[in-house]
Amino acid sequence: MERLSEFIPHISQIAVQTCYAGMNIVVRVALDKGMNPFVFVAYRQAVGTFAMAPVAYFLERKERPAMTCAVFWQIFLLALGGITFNQNLYFAGLAKTSSTFASATTNLIPVVTFIMAITFRLEKVDIRSRRGQAKVIGTIICVGGAMIMTLYKGPSLAGTQHHLLKINKWMLGALMLFGSCFVWSAWLTFQAPVLKKYPAQKSLTAMMLLMGTVQSTAMALIFEPKASAWKLKWDMELLSIIYSGVLCSAFAFFVQTYCINEKGPVFAGIFNPLSTILVAVLDRLILHVKLHVGSVVGGVLIIAGLYIVLWGKANDKKETDQRNDGLTCGSNNTIDVCPVEIKQPLLENEGYHHSDEEISRL
């Protein structure tokens, strides 16, 4: 069980990406039936808030830290970027493109997150070492594979051509999706410092969802003031809202917060390519979208890049453990390396677990 617990963040991220893949298919069907994307985001966050708030209230009543004005506004900005701007841009872009295209663009997130994390010193990269080079090269390969899936279709494996949307509508949707990737990367990056100041993960998630609900509702009323667009029926629209709110807002946001706290923002972002692969498969099985050569080639590159980055991060952990062991095992002011059994999580990032004294100073 101890060995299995090391891989909880990995299993959690795979579960999140599976939920996101299913969401792309369900929401795409609902959008095709006429659902407004801005109204959908508002309802989705409301469902997510109702699902997460009771859990946060009862499980963290005794350990929830006091709220300060500074922390409140930081959480407000996290919700504005990671929920309101991100999701409204994403689903508006999804409505103008396709499920596979929208999912593929999210693979820009790892490289943007990687750059942001380095810029703000949340991720360390020794470019002279093989592990540092692996993280850089693996990220580039991931994004390259996603770009191949996006820009190169190639011949269909079924021998037919796939229908293309009008270029103006497609490009507008693409710009929205790229903007969504940028604000999502910022959310992944800047959530780590806020977690140090407010280390109640469930409560933080619930507050972001609540603020995101208010912000998204205000935005939806601006872009869609008609009352008829807000009426819900027992159809695919309601299913997409409940599915996305419970699994992709409440559950996924909490898991992302947990993984950022345990492993850092780059670890959370690098799993996004898995969703692209799953969406391509589901597109074929459920929506009967033809699979193209570009999707296969891009998918292989994405998986390869993912494992290269994880290899680099795993070796970062080993290097850190060896250095710490050498500094703590000496006696009489000497430094001797002591053989110990490594029991820490495989991909734990240096700098993400602080002592109580360090947290109080923050």
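Glycine is treated like the rest: Cβ placed from N, Cα and C.
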14-32, 71-89 - the range that TrEMBL marks as transmembrane segment: 71-89
Most Cβ pairs under 8 Å with the transmembrane segment (134-152), selected from 71-89, 204-223, 238-259, 266-287, 293-312: 293-312
Interface-richest range of 38-59, 101-122, 172-192, 293-312 toward the transmembrane segment (238-259), CB pairs under 8 Å: 38-59
Proximity of the transmembrane segment (38-59) to the transmembrane segment (101-122), 3+ C-beta pairs under 8 angstroms: no
DSSP-assigned states of the domain 'EamA' (15-150) in counts, ordered helix, strand, coil: 111 helix, 0 strand, 25 coil
